[in-house]
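Structure record follows, encoded as structure tokens.
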Amino acid sequence: MVDVSEQEIERTQKKQKSCYSGKQGYHTLKSQVVADLAQRARCDQKSEQIICVRCEKGRVHDFRLWKESKIGLNKEIEILGDKGYQGIQKLHQNSQIPHKKKKKEKLSKEQKKPIVSYHNGA
């Protein structure tokens, strides 16, 4: 699983624009976390292991942060991400992100299915 979290910071004296998050409306630092959420069959419990953490200024887009981090993951590892990672399939074939609704279109039940299972922690 890969996701980004934003933490509010004080406005910097110089280069304010680089830390300003238009989505949040304030100055932030982003932290990208790559975690292994594999079900361990032997132990019959979930294992949550952090593989990688990368921080960047708030203006950087989630997917750009992923590309610049150059995380080398095995092609067999499945990556789950949110809509901020549109295009990740081009870099990592075994990845899943929710379907993005297009203008004047509705998502089918099949397209909605992965979104629900992803948000329920499946």
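Backbone N, Cα and C atoms are what each Cβ position is placed from, and that goes for glycine too.
Just so you know, TrEMBL annotations never went through curation; they're auto-generated.
Sequence annotations record features per position, and here TrEMBL assigns domain 'DDE Tnp4' to 2-112. Among the features that TrEMBL reports, region 'Disordered' is placed at 91-122.
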To what whole number does the mean pLDDT across the domain 'DDE Tnp4' (2-112) round? 78
Using DSSP, what is the helix/strand/coil residue split across the domain 'DDE Tnp4' (2-112)? 23 helix, 37 strand, 51 coil
